Amino acid sequence: MQRTIIAANWKMNKNFQEGLQLAKEITQFIQAEPLAGAQIILFPSFIHLEGISKLLTPEVKLHLGAQNCHDQIAGAFTGEVSAAMLASIDVRYVLVGHSERRQNFAEDNDLIAKKIDAILSCKLQPVFCCGEPLSVRESNQHYAFIEQQIAESLFHLTPDELQQVIIAYEPIWAIGTGLIPSLAEIEEMQQTIRNILKKQYNTVLADNMAILYGGSCNASNITKLISLPGINGVLIGGASLHFKEFIHILRSL
């Protein structure tokens with residue numbers, strides 16, 4: 001049975017001290033109230049990674065992820081951070097393909113595929129984000145849109161490589177808006193994603209892929225979201241920045 005994955009994307013929030021304090025509070029909670037059925041991954045800003053990594057011990061069931069990395073392992077890329085650098089400070093996961101990276105930095109499926117290769121080459125796990133804008137959903141083209149994102153970003157991977165990928169379905173129109181698809185729509189989309197993978201790979205692999213839902217997840221809807229049989233967890237944004245709300249989410253598992 002897969003654990004429920006709770007991935008917390010802090011985005012560009014919290015200064016160094018604020019981020020470290022929040023991470024300390026979360027680790028103290030996990031030590032006091034172990035969550036046997038959950039896998040918790042924090043995705044703070046780059047400035048927090050090393051400090052938070054020092055809080056992690058075998059007793060603290062908390063994992064560390066980065067919000068981005070470069071597609072090359074090293075070189076003259078001013079301002080960039082490589083997957084190899086992240087691996088050196090105990091980062092285990094890297095977000096890739098998030099809609100904010102696609103929209104604000106013009107990252108396309110080809111670049112995302114290269115980033116995934118770099119992440120895997122450093123023995124890290126990619127958390128691959130896919131999702132459609134509202135205009136695509138309203139024109140009933142969302143299935144084809146998601147299939148193209150997956151095909152161009154993931155289909156070059158071997159089955160063994162694909163098994164290392166976590167997929168996060170985040171409809172763009174639901175991110176930070178308070179809007180959320182119906183439970184039936186979320187369940188339908190996760191099944192669509194699995195069907196896409198079945199056609200390219202095989203049923204066993206597709207059925208065992210970890211698929212998360214992201215987009216306006218919070219304490220009021222977490223129980224319903226994680227009750228969906230095909231959803232293996234959630235990717236949380238704003239709600240993960242507030243200790244009390246995040247703990248409420250964890251206690252709902």
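Yeah, the Cβs are placed from backbone N, Cα and C, and that goes for glycine too.
These figures come from a predicted structure and were not determined experimentally.
Of the listed candidates (GLY51, GLY75, GLY176), Swiss-Prot assigns GLY176 to the same substrate site as ASN9, TRP10, LYS11, SER216, GLY237, GLY238. Reported as a whole number, the C-alpha separation between HIS98 (active site, electrophile) and LYS11 (substrate binding site) equals 11 Å. When the alpha carbons of LYS11 (substrate binding site) and GLU170 (active site, proton acceptor) are compared, the span between them is 15 angstrom.
It is HIS98 that, of the recorded positions LYS11, HIS98, has its Cβ surrounded by the most other Cβ atoms within 10 Å. Taking the Cβ of GLY238 (substrate binding site) as centre and 10 Å as the limit, one finds 17 other Cβ atoms among all the protein chains shown. Local packing around the binding-site residues ASN9, GLY176, GLY237 was summarised as the count of other Cβ atoms within 10 Å of each Cβ; on this measure the leading residue is ASN9.
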